[in-house]
Every structure is written in C-alpha cells, then in structure tokens.
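J.: Per TrEMBL, domain 'UspA' is recorded for 5-146, 181-299.
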Amino acid sequence: MFRINNVVVLIDPAEDNQSALKKAQIITTTVNGKLTLFASGYNSTLANHSNVNPENSEKAKAAFLQRIRANLEEKADTIRQEGLSIECVAVWDKHPSQAIIKYLETNSVDLVIKNTHHQNVMQRTFFSHTDWDLIRYSPAPLLLTKNQAWKGQLTVTAAVDPVNNHDKPKTLDAEILSAGLFLSEKLDTKLHILHVYDPTPMLIYLDQPVLDTSDVSEEIRKEHLSALNELVSQHPIDPDHVHLECGSPTTVIPDHLYQHDSSIVVMGAVSRQGLDRLLVGHTAERMLDRISADILVVKMHAEDTETPK
C-alpha cells in the first residue's frame, strides 16, 4: 500500500528548485513526515590534483561540500520555520543520478521529488539525463514537478492499463490506484481514473472487405471497459471520474490531462524494462514531454533492476 513518511528533494545548486521545495513542504507537512534536502557536487580540479597531499585534497573536497551543504541549510531554514524536521545531505559524486540512487539504496525513502522544466510556449517538458536515470532506476516513487503552483482544489489522475497484464506485474495498477487514493485523501483532491486503449493494431490485421470491424471495435471496447470497472470496483471512486478513452496514448493522455486541468498524474514503471516500455502500456519519451501536469512515477521492485552506467 502506498504511504509517504520520508521525502527527499533532489536539489540542483545551479537551478531554481522552488517548485519542488514548496510541493515537498506541502506533502511532508500533510503526512507529518520527515524531509531531506539532497545535493551532490564534483569539481574536476579538486579531483585531479594527484600531486597534492591526500590529506589536503580531502580537506579541499570537504570545504567544497560544505558550501553546498550551507546552500541546502539556507533553503531548509525557511521551511523549518513551519515546524518541519529537515535534514541536509551533500555528497561528492560526479553524477547526480548515481549519487541519489546510492543514497536511496541505503536509506528508507518513500518519495523522491525533483523539479523539471516545462516550456509553455513549446508545450514541452525538457527532461535531463538525471531525470531519465531517476525514471529508469530510482527504487523509490518519483515526483517530477513543474513550475506551476498547487492552487485551489487539485485534480489527481491515475493512468492505468488493466488489460495489458502480460507487459507488467498485475499489482502495478493496484499500486497506481493506491497512490492516487493516498494523494487525493491527504491533499484533499479530486481523483480521476484514466485508461486509454488503442485498437488500431488489431483492426489493421483484421481489416478485410468481408469483415465488419465495427463489431470488433465494440468487442475491444467492452473488454477494456470490463477490466477498468473491475479494477476500480473495490474503491470509493466516483463513476463520473472513471474515464475510458480510445486512441493513441501518446496523444490522448496528455490531451485528457490538459482538458481536465490535472495537477498530478500517477503512472507506473517497471524498472527492469527498457525506455520504450518503461511506462506500462505507453511509449514513454513521446508522451512524457507533452504532459504539463506533475508526474508521479510509481515503481515496482523488480529483482533484476538495473543500475545506471
């Protein structure tokens, strides 16, 4: 069952992290949890001075990290005034994604939050190498935030795929629903459930002059509707908030989220799968960059989870 107690915000000292910090503060305050601000740093000059006394080299690295930690403490002090318990962690690592993943593997963390950059003019979100590494390899759920603030009553949309169970663990949709229900309760939001299916591949192969594809289309729709209703039947979800849509998920999901003014979309990932199959039932890269809502990626703990190279 999805729960949040310990929250980590990945801070990039060179970027504006206010959106991620504010949303982390809201979530952590609501659940009465613990917040950690995490940053990594690396300086090639300090790392490559082989002729420097090792003790002096370590002192220089420590001073470098202390400046990063001081920056974190400055951000934390503002939030501490609200009564939150906050820890600041700064580590030496050339790769931010590897640094945070190492931390997650040795600490109990329920949610990682990181800011991303959505360009309203281009209607695109630009994901960094670190973002993609976290989507692929983070063992904890990941909330990728955009710059828009959470105002008024929010809308959370859980994107599920209850038919294509051969592509994922059967429990993934249940975990997505659990996350959506948890957020809707704690943040007092509206919860919508969305399932998008694309019958095109089946209809292409069956498109023969003597075959009435409208009957096949209706059979496919009924199959997906039945699976969706079965999935949500055990939960107190408003039937008017359960949506079955037909079309390409890469187009329909972002459009649906925009039309319904969704603040957060909950999606699922299986860590061991490749990028194109990372978000179950959808093609990740072609869809994620079009989503303007904050994205919560719920993870399944596959035994053969890879680590970034």
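Using the three backbone atoms N, Cα and C, a Cβ is placed for every residue, glycine included.
Unlike curated entries, TrEMBL annotations are predicted automatically.
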J.: Within the domain 'UspA' (5-146), how many residues are helix, strand or coil going by DSSP?
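T.: Per-class counts: 65 helix, 36 strand, 41 coil.
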J.: Please compute the mean pLDDT of the model over the domain 'UspA' (181-299).
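T.: Result for the domain 'UspA' (181-299): average pLDDT 81.
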